[in-house]
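S.K.: From TrEMBL, for reference:
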type	residues	note
TRANSMEM	A:6-22	transmembrane segment
DOMAIN	A:10-74	domain 'MrpA C-terminal/MbhD'
TRANSMEM	A:29-46	transmembrane segment
TRANSMEM	A:52-72	transmembrane segment
TRANSMEM	A:93-113	transmembrane segment
TRANSMEM	A:168-186	transmembrane segment
Amino acid sequence: MTPLEIALVAFVVIGALVLPITRDLVGAIVTFAVLTLGTAVIWVLLAAPDVALIEAAVGAGVISVLFVLTVVKTTGFGETDDEIDSDRRFRPISLPTLALVGALAVPLGYAFLALDPVGAADAPAVSGTFPTGEQTPYDFYVQESLEQTGFPNAVVAVLVVYRGLDTLGELIVAFAAAVSILIVLGREDLL
Amino acid sequence: MSDSEPVTREPKGESDVSESPVVRTASRTVTPFVVAFGVYLTLFGTSLPGGAFQGGVVMASVVVLVAMAFGFAPTQKWLDERALAGLFVLGAAIFGAVAFGAVALGGDVLELFVFPLSVENMVKLVEVAIAALVAGVIIGLYVWLADGIHGGKSA
């Protein structure tokens, strides 16, 4: 790992550790936004700019605003930073919660360590054939999508051309969400 | 808000309106550039990283940014609600028309090769529809859910 990657991962991990125990609600939301932005930069370093754009726009931007709105509409901002004594700036750590989170983190960390190194040519995810000898979908899209569709971004080719029905279903869900908000708020007249 | 919620602490003043001229000027200044970036991501997603979901969210985030800087109530007055609902209905309609128009032209559902336009241009049309739907849904979610933050109809 380069120093930049180490610094980013440390940044995200420290943010994730501070997030659940801080008492300052607005501070927690800002911490969440900033650590999500750090995650977005990690996606860029992992050569996944499409995911990075979504992570930055949705995770860091829009979701943080949703949290702010939720906090304002429910409890208000809670205690702000200048009202909290420095010795009780953080919540006491609850041991059962810590045990539960640890029980989740151990298998996840184990699975993470079992992954192939980034960019390994023989990793299963980027191999051209299954052990049975058939061509993998990854290999098919990389080999064929430019010729079949005529444009180079294979991600968009998969989303719209090859798996278009999945995308259509995804958008029907988003459409249904917007329609149900209007119905819940009694604004069906807009449709 | 007529129902008495367990408000532990009232936010200071006009909570969702920023009084900072820096925030207002900055959000005013970046808005055209961010919209242009969203359009770019949508239209050039076929050849560069990006795509309709990213472009739609980036365009919608501008309205959310403006609402955070200038307040949700003024933003709601400024937005035409029918146009906003029309945005995602139109997006869904275009995508649906492309999906089932292919059947009318003798192909399978969403078979883009049967249209007279090239596949790349059909994908761009679908991308514009997706971006309109995503942007409309996200803007609508915020504008309508924040409704009542200043004592209007509570969500």
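Heads up, residue numbers simply count up from 1 along the chain you see.
Glycine too: its Cβ is placed from the backbone N, Cα and C atoms.
Where the annotation comes from TrEMBL, it is an automatic prediction and has not been curated.
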S.K.: Return the average pLDDT for the domain 'MrpA C-terminal/MbhD' (A:10-74) as a whole number.
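M.R.: Computed over the domain 'MrpA C-terminal/MbhD' (A:10-74), the mean pLDDT is 89 on the 0 to 100 scale.
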S.K.: Residues sitting near the transmembrane segment (A:6-22): Cβ under 8 Å, six or more positions beyond its termini, same chain?
M.R.: 28, 31-32, 34-35, 38-39, 41-42, 45, 89-91, 93
S.K.: Going by DSSP assignments with H, G and I as helix and E and B as strand, what are the residue counts for the domain 'MrpA C-terminal/MbhD' (A:10-74)?
M.R.: 59 helix, 1 strand, 5 coil
